[in-house]
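The next block holds one structure in the form of structure tokens; read it before the comments.
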Amino acid sequence: MKTDFWLQRWSAGQIGFHQSEVNQDLQQYWSSLSVAPGARVLVPLCGKSQDMSWLRGQGYHVVGAELSEAAVESYFTERGEQPQITSQGDFKVYAAPGIEIWCGDFFALTVRDIGHCAAFYDRAAMIALPADMRERYVRQLEALMPQACSGLLITLEYDQTLLEGPPFSVPRTWLQRVMSGNWEVTKVGGQDTLHSSPKALKAGLERMDEHVYVLERQSR
């Protein structure tokens, strides 16, 4: 996704991708990762997701990455929190108990910036990116995450000849091809979400499959 497009969507309040409730798949499948309480959990392209508060409530330290200042500020304002704000290189970092959100270009983040994250959670990052950016996203994720880490990934798959993203379709075959060399990819859940998307129905799609994956980093 292009930077200007993402910032304009937040500026105009066009955030249909934002979920007002905690994601049910997160609540159902997160325990499959066996991540120790207190661990740092990376949430790429986090927006103002309610899911971050759920993870905080489970005892994790959330490390969010988000391009839009408006999104980050909304997250804290809606919770009545006043974060400590500091500048770290090209990033503005918003911090409060149990969370820090790095506001800036996700692809410019380094391990030195965010420290050791034991796991990641991606509900809306990979599907926000067009095909020509997705493999770059995977490689950046691998650069940020240590060996012996895990992640929960939620994607969509549909006929993109009938409907342009975002959210974009991420075929299972693509995911296996790009990630299976460094990750054990296990599908743990999923459902047809077609009838929850008026745009997809209008486009004439017959299915819009949601896939839920547990990813385990393979040690080298």
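Glycine residues also receive a Cβ, built from the backbone N, Cα and C atoms like all the rest.
Model, not experiment: these values are computed from the prediction.
These come from Swiss-Prot:
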type	residues	note
BINDING	Trp10, Leu45, Glu66, Arg123	S-adenosyl-L-methionine binding site
(request) Let me know how many other Cβ atoms fall within 10 Å of the Cβ of Glu66 (S-adenosyl-L-methionine binding site). (result) 24
(message) Can you give me the same-chain residues 6 or more apart in sequence from Leu45 (S-adenosyl-L-methionine binding site) with a CB-CB distance under 8 Å?
(response) Ala65, Glu66, Leu67, Phe106, Asp122, Ala124, Ala125, Ala128
(message) Tell me the coarse DSSP state (helix, strand, coil) of Glu66 (S-adenosyl-L-methionine binding site).
(response) strand
(request) Could you tally the C-beta atoms, other than its own, that fall within 10 angstroms of the C-beta of Arg123 (S-adenosyl-L-methionine binding site)? (result) 24
